[in-house]
Amino acid sequence: MDKRKQSDYDNGKSKPTNGSKTTKFNLIKIIIRNLLIGILLMLVLNTIRFTSKQPKVEILSPDHIDSFTTLSDIELAQRLAKATTFKTISFGESDEFDQYEPEFLKFHEFLKITFPKVHKYLKLNIIANYSLVYNWKGLDESLKPILLAGHIDVVPTLFLDKWTHPPFSGHIDDTYIWGRGTMDDKGSVMAILESVEDLLSQGFKPQRSIYFAFGHDEELGGNNGAFNINKYFDTNEIGPFEFILDEGLPILLPPVFPGLSKPIASVGITEKGAIDIKLSVTIVGGHSSMPRRESAIGVLAQAVSKLENNPPSPKLRETRLLFDFVGRECSLPYRFLFSNLWLFEPIISRVLSTKPTLDALQRTTTALTIFNAGNKANVIPMEANATINFRVVPGDSTNDIIDHVNRVINDDRVKISKISNIIEPAPVSSTTSKSFNLLQSTILQEFPDVVVAPTIMIANTDTRHYWNLTENIFRFCPMVLENSDLQRLHGIDERLTIKNYKQLVDFYYHLIKNTEKYL
């Protein structure tokens, strides 16, 4: 042994023992244990504090709800059914539109006949020949007006032989109103006008002015209708608006959200952007008997596969608000998770990724929609083209997506040949405003068993043209649907229940009246 060390020990300094090592180890264990206990207590405390964000409202009795209208449910349904018989189909090509132009004009006349008080007491402006803007002047011009929006055009109908009832027949049975436009969006337009007609019959006069804007080409992007409606407001110095409510998300019956047994009324406080990117590959072709090692189709297929397998990273910014509202109403295990997103968010995001409908709420989606190459079985084409539609989540920009495409493909043979239909994600409306409280409270009055929650609108609406008119834009329609009904939108057998259509009328009626109370 080193003499110096031996001397130290001889002078009374003790050697390290296993006991001291054990003491240090036990101290570390105590620290870790206390830390874990502290984290657990914080998780539990967060769960306890995670209470409902649904306001307490006066639930309307059935007698009170029904007292405002003299029309029966079936009479209301018949008027909507008649509205669906007009083939107000939106087409981009002028020669195609010409054959449907009379249908729009006939629909205008139908509205004048069906809602005489609306057309007597409200000022109507026809915009771009077919879009409609009504002005219901308020008693106090110092108050900001509100805008209720919708659209009167519908998408074309395909596979007519698969429809239970012809899409423009105006068919009604004991339960449903069948036809193109019942859900998107003549149901909302007619319900709004029914509610106004009833309010006028009672002599109701709003404190603030109310505008109603119904575009004629929403299904094509609103570039003629809503775009010119915005110009009309700007030219006439109308606005800013207190809020805008347009078509949007429905009330979905469970199961929709994990751990939640109630229906969800989702209010779109923003909406995704969009961009179409066309990819092209040009490589020498030739006869199929002498193929080269690479082909335009093969190279492009690999590029598209890379994009599908490497989507943009998730962005849970606005989706956190959905979790914040809905998570508070979930059963305990899920409430524990959603009240502690700081810890469990990566796990929740991974779960969302397994379901396309939920994954669309957290990331920019990638959809290959067009692929063109070749026209003969024994000829290798020298060119292949593909168009990918991206729906851009708030937090990403369209430029981010262009960079993403180039980075993921990383192949000089693949060129971006065209970029089109660029829409940036919409601004986000506040959930703490009086306007949101008005909307949430009115929904709960009419549908007391639902959970109202803000979310991202994954499709685009006419509101893309209205961003400059207000900070408060909401996208919601009180249709009550099951998940299986969503395919009827733009699909086969579009329909709405007679009972639910009456609820639409009730909802807009009380929304207008509640502006006096909540704003």
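Note: Cβ is positioned from N, Cα and C throughout, glycine not excepted.
What Swiss-Prot records for this protein:
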type     : residues               : note
TRANSMEM : 25-45                  : transmembrane segment
BINDING  : His151, Asp184, Asp246 : Zn(2+) 2 binding site
ACT_SITE : Asp153                 : active site
BINDING  : Asp184, Glu219, His490 : Zn(2+) 1 binding site
ACT_SITE : Glu218                 : active site, proton acceptor
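Note: the CA-CA distance between His490 (Zn(2+) 1 binding site) and Asp246 (Zn(2+) 2 binding site) rounds to 18 Å. Distance between Cα atoms for Glu219 (Zn(2+) 1 binding site) and Asp184 (Zn(2+) 2 binding site): 10 Å, as a whole number.
Of all the recorded positions listed here (Asp153, Asp184, Glu218, Glu219), it is Glu219 whose C-beta has the fewest other C-beta atoms within 10 angstroms.
For the recorded site, His151 (Zn(2+) 2 binding site), the DSSP three-state label reads strand. Compared over the binding-site residues His151, His490, the count of CB atoms lying within 10 A of a residue's CB peaks at His151. Cα of Asp246 (Zn(2+) 2 binding site) to Cα of Asp153 (active site): a distance of 14 Å.
His151 (Zn(2+) 2 binding site) sits 6 Å from Glu218 (active site, proton acceptor), counting Cα to Cα. Just so you know, the Cβ of Asp246 (Zn(2+) 2 binding site) picks up 28 other Cβ atoms within 10 Å once every protein chain is counted.
Separation of the C-alpha atoms of Glu218 (active site, proton acceptor) and the residue listed as 'active site': 7 Å, rounded to the nearest whole number. The distance from the Cα of Asp153 (active site) to the Cα of Asp184 (Zn(2+) 2 binding site) comes to 9 Å.
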